[in-house]
């Protein structure tokens, strides 16, 4: 009997060891990847790199300013579209959870979350690129906005659902009209949660390449016209990483480092917001 | 008159109606986007559906130059990469779920690990692809020489390894939440009967969370099926069907997403383009169904 308990205890300890081993070994590839990108990229980055367009093959120097500007413009445009739309839909879903429309649009949010990003690219190609006859920054922004929507909607909905009903009831009983209750009481109370959803969605789309392949397409020159093709950080990395030239690989490493820093900073901001206001995402 | 008494001016009442209408309009817009996506995909793939019929799905040859289109190589490629990735990822995601859900739910160490897992999900897939191309591919080449298969370096198995890393957070973060939801009276009951920790996990926690953990695996699978960039950079992009199982796993291949990414802008005639879109349609259906089943299981689990 004693021996059997000993055996069972040993089994339990061994099992724990296996679990700990498998759980922590996942950190190894993450650290290897992060360190490698930082090691390869950090020495590429300097003022020249941030303010010049990529150099042609064989010429030294060159930078990624076209991709920085392009990513900034496209993410900004998609945020301007996706944030109000997403917040409005999120407010509707949290305010009227039992209507038929809420059921179907909730279902659509679930579907949208699962749609592969490349499919979004195809569809936006037919919606905007083909009618306009050219690849354009605006089509890239629409594709990114569609990718942002589900995250903004879900975070708005979840945050507002957690607010106590008494808040809304108190405001309504004072005779405040419904839209002011939502905009001046409910949304400010859930502001931190919504904000963290927004930063999270920006962190997500800033690294998206697949929806931009057939929409914004890429551009080796600096362009600020939203009806012309535009470069973006992830697309620049894709183009230059798969090229056969070492100079271009270095450019892509530098761009990867910058992109990684953006994503890290946005994730840290999200973390700080959720920690500070104790938001549950 | 009613409104006057409530001290609402007419303009405010108007705003209120407009506000409600905007909320409804945005929710309708969501439904329209999904219907639009579906309609566009079906409409644009009609030429290929008409010309090729259902045989498209198991046609083994993809040769745009001679106008022959078969999706079989890509279906096999997609399923192989996704399932190999899933098999590799399951031990890790289950271990993380159990460790952070049961052994060590609080404290700095568990916070650190949890943040690391979230970081894995945050790194853009293009960076995984780039890293894989320059670091993992040479490593795989040496490995493949050792085990005696053609040392391509790139290929199905290499993509699966990167994919496995990328999809772990999806199953793991859900698993952590679910394992923490196991009611403690159940666990305490088992401990009171003299069960060891391993036995509690095996006979109480695992059976209780089985369906939820399965849903997490489904969500991971949905991610893996639709993942584009990392796979496109690592899989080697050949549309030929491999001649042996060894070559199918270690040799280059193609997935539905990667063939779309590579050939969409090159497709120069209607039938070619619409065959690619039909691949997109298949991909859309498969990922949506898998995701919805996963979500349904989770809702059921959390409501109980």
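Each residue, glycine too, has its Cβ placed from N, Cα and C.
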Candidate ranges B:152-179, B:180-207; TrEMBL annotation transmembrane segment resolves to B:152-179
As TrEMBL has it, transmembrane segment corresponds, among B:212-235, B:236-259, to residues B:212-235
Of B:45-70, B:71-96, the range TrEMBL tags as transmembrane segment is B:71-96
Spatial neighbours of the transmembrane segment (B:272-294) not adjacent in sequence (6+ beyond its ends, CB under 8 Å) are 37-38, 41-42, 44-49, 52, 56-57, 64, 67, 69, 71, 74-75, 78, 215-216, 218-219, 221-222, 225-226, 256-257, 259-260, 263-264
Top stretch by Cβ pairs under 8 Å to the transmembrane segment (B:117-140) (candidates B:21-43, B:71-96, B:152-179, B:212-235) is B:152-179
One stretch in B:21-43, B:152-179, B:212-235 has more Cβ pairs under 8 Å to the transmembrane segment (B:71-96) than the rest, namely B:152-179
Beyond a gap of at least 6 residues from its ends, the CB atoms lying under 8 Å from the transmembrane segment (B:152-179) belong to 77, 80-82, 84-86, 88-90, 92-94, 96-98, 100-102, 114, 117-118, 120-121, 125, 128-129, 132-133, 136-138, 140-141, 144, 205, 209, 212-213, 215-217, 219-221, 223-224, 227, 230-231, 234-236, 248-253, 255, 298, 301
